[in-house]
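Q: As listed in TrEMBL for this protein:
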- A:95-324: domain 'ABC transmembrane type-1' (DOMAIN)
- A:9-27: transmembrane segment (TRANSMEM)
- A:101-121: transmembrane segment (TRANSMEM)
- A:133-155: transmembrane segment (TRANSMEM)
- A:197-217: transmembrane segment (TRANSMEM)
- A:257-290: transmembrane segment (TRANSMEM)
- A:302-327: transmembrane segment (TRANSMEM)
Amino acid sequence: MFRFIVRRLLQLVPTLFGLSILLFIWLHRLPGGPETALLGERGTPESRAQIRESLGLDEPLPIQYGRFVKRLVQLDLGTSISTKREVTTEFLQRFPGTVELTITAMIIAIGVGIPLGYLAARRRGSILDQASVGGSLLGTCIPIFFLAYVLKAIFAENLGWFPTIGRQDASINATHITNFFVLDGLLTREWDAAADAIWHLVLPGIALASIPLAIIVRITRASVLEVLGEDFVRTAEAKGLTERTVRRRHVLRNAMLPVATSIGLLTGLLLSGAVLTETVFAFSGIGAFIKDAISNLDYPVLMGFIMIIAVVFALVNLLVDVSYSLIDPRVRVR
Amino acid sequence: MPLLDVRDLSVTFARRGQRTVHAVDGVSFSVDAGEVVGLVGESGCGKSVTSLALMGLLPRQRGVRVGGSADFDGTDLLKLDPRSMRDVRGRDIAMIFQDPLSSLNPVVPIGIQVTEVLVRHRGMSGDAARKEAAELLDRVGIPDPTRRLKEYPHQLSGGMRQRALIAMAVACRPRLLIADEPTTALDVTIQAQILELLKELVRDSGTALIMITHDLGVVAGMCDTINVLYAGRVVETARRKELFAGRRHPYTVGLLASIPRLDAGRGEKLTPIRGSVRDVLPWTEGCAFAPRCDRRTEACVGEPPAMTPTHTGHEFRCVNPFPLSQPEEARV
């Protein structure tokens with residue numbers, strides 16, 4: 001198992017290398033450049049050239065790429081062109097919010113999706129089943145930002161149950177160590193700060209969870225239905241085992257395999273898809289920052305962001321593969 | 001008093017927009033303690049559905065109706081609530097299924113699949129359960145049982161898997177064992193071993209056994225009493241010796257005649273029963289076997305044939321049965 005993990009991590013190196021070359025070429029081939037954003041309409045060809053020179057953008061691409069890699073191995077992503085701050089610093093400040101939001105959404109999607117999918121399969125054809133199938137179709141159709149606006153209007157603005165914007169109430173004056181606000185609250189034992197951060201996560205978390213929830217419900221339902229028809233479930237019933245044992249050991253354990261795969265794929269998608277939700281709830285994650293970076297063609301920020309997403313995606317899917325082999329001895333890795 | 005007394009068991013499957021299927025249509029038979037009873041018939045005759053009905057394992061859905069009674073040591077199994085039935089299953093009545101690979105959970109070690117029965121019904125736990133499980137595997141002839149406990153079904157051979165399933169079934173020393181085609185998915189040599197094992201277990205423990213099979217050869221070697229099923233009803237029932245000495249029902253005769261024989265001449269054709277199980281007459285309109293029967297008479301159609309009892313306990317459901325002496329059939 002250990003060797004498998006190490007091997008997979010080593011495989012990640014050439015993948016990231018290739019990805020970075022492609023990205024570098026693509027980004028630099030896009031029309032315009034950071035100088036347009038910095039100078040706007042007033043820029044003269046001379047001032048543009050001057051800025052490009054000062055940023056090192058006038059040099060040939062291979063040399064620029066070499067510099068990028070040299071910095072990257074020292075875990076330095078360079079300096080943002082628009083904010084003039086270290087990209088790593090910017091990320092450490094902003095990424096935790098997005099990660100918290102993604103984790104919240106996944107907890108909701110998994111925590112609700114798997115039981116709901118299981119019940120729908122067990123009571124196939126019942127009202128619950130039909131509602132969950134119909135609801136999951138609706139869930140995949142409704143655009144996230146629309147759902148986010150609706151949730152915000154009803155539960156935050158009208159009913160006042162949840163805060164409308166932000167990650168934490170400013171009046172709490174919480175101490176921040178890691179910028180994961182919930183974690184910070186727990187570390188510093190400022191329970192009210194942690195609770196408030198969780199409170200701020202609920203609505204955006206639900207909005208972001210809608211699509212993965214719908215997908216998880218559907219996959220769980222289909223997978224449980226398949227397993228319920230298997231002979232070994234009948235054997236388990238014939239042994240007179242309790243419903244609980246049959247469900248956990250014999251049905252869910254087998255039904256979880258396809259669900260685990262989809263969870264891995266969904267987590268990566270959510271991380272990059274949190275942007276819209278963050279905008280609606282003015283949630284200070286990475287979303288707005290990346291949006292600006294795209295319109296300004298802030299090369300270091302974009303490169304860094306996509307590389308990090310790629311690494312996270314690979315790690316999550318490695319985790320899925322590991323859990324896969326823990327669940328199913330037939331695919332156990334050596 | 002018999003251990004299990006099944007009276008007029010019926011199972012119907014009704015689907016909206018489709019004709020109701022009478023999978024089991026008034027089956028009656030009984031099993032004495034320690035007795036081996038065979039339920040024999042072609043695919044679709046209702047033998048597996050009968051066993052699932054007795055175990056309470058039919059899908060709990062609208063459209064599935066079970067009727068009649070199945071008296072097991074004083075309680076009617078068909079009237080037990082699901083929770084009490086869970087207590088009976090695996091403890092008093094256990095079952096062995098046809099395909100040992102698909103009947104075992106692929107992602108759970110053999111050991112846990114054996115101990116879970118002990119934990120559930122005998123209140124054992126931890127080392128005691130593991131030790132007992134190893135003894136059970138040993139008893140059903142699995143070598144090196146302690147190591148096998150940690151293995152998964154895909155690491156075992158077909159015969160070994162069926163032995164493991166048998167170990168799970170006999171774990172609580174049930175009073176009744178139901179084996180549904182336990183050897184069909186196995187190699188012929190392994191089949192013989194498994195049958196031998198079942199015979200031994202039944203003899204040593206005094207467990208009664210219902211042997212469900214389409215293979216009259218299996219029945220001949222094992223069963224004390226044989227019930228031949230056709231289209232959801234028992235058409236002939238007799239002690240083994242009586243049945244093999246003188247079959248009365250044309251269907252039973254046809255079943256035996258259709259077994260391929262090694263001593264048959266080269267090029268000699270097999271003798272199948274004409275038609276298929278689908279060519280049945282509803283029992284209410286006469287003998288269900290009539291459309292395929294060579295001895296059909298006018299009396300066969302019109303009203304359902306009743307079971308004809310004889311003084312030896314041999315019964316058959318036929319108005320024109322084979323006479324008692326059948327020289328041309330006696331060699332089977």
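Backbone N, Cα and C define each Cβ position, glycine as well.
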Q: Okay, the transmembrane segment (A:302-327) and the transmembrane segment (A:9-27): do they have at least three CB pairs under 8 Å, pairs separated by 6 or more?
A: yes
Q: State the non-local partners of the transmembrane segment (A:101-121) in its own chain: residues 6+ outside its ends, Cβ under 8 Å from one of its Cβ atoms.
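A: Here the qualifying positions are 128-129, 132-133, 201-202, 204-206, 208-209, 212-225, 228, 247, 251-252, 255, 259, 263, 266-267, 270-271, 274, 277-278, 283, 285.
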Q: Are there residues at least 6 beyond the ends of the transmembrane segment (A:302-327) whose Cβ is under 8 Å from a Cβ of it, and what are they?
A: 1, 4-5, 8-9, 12, 15-16, 19-20, 23-24, 27, 68, 72, 77-78, 87-88, 91, 95, 253, 256-257, 260-261, 263-265, 267-268, 271-272, 286, 290, 293-294, 333
Q: Take the transmembrane segment (A:133-155) and find every residue of the same chain, 6 or more past its ends, with a Cβ under 8 Å from one of its Cβ atoms.
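A: Sequence-remote neighbours of the transmembrane segment (A:133-155) are 120, 161-162, 164, 203-204, 206-208, 210-211, 213-215, 217-218, 221, 273, 276-277, 279-281.
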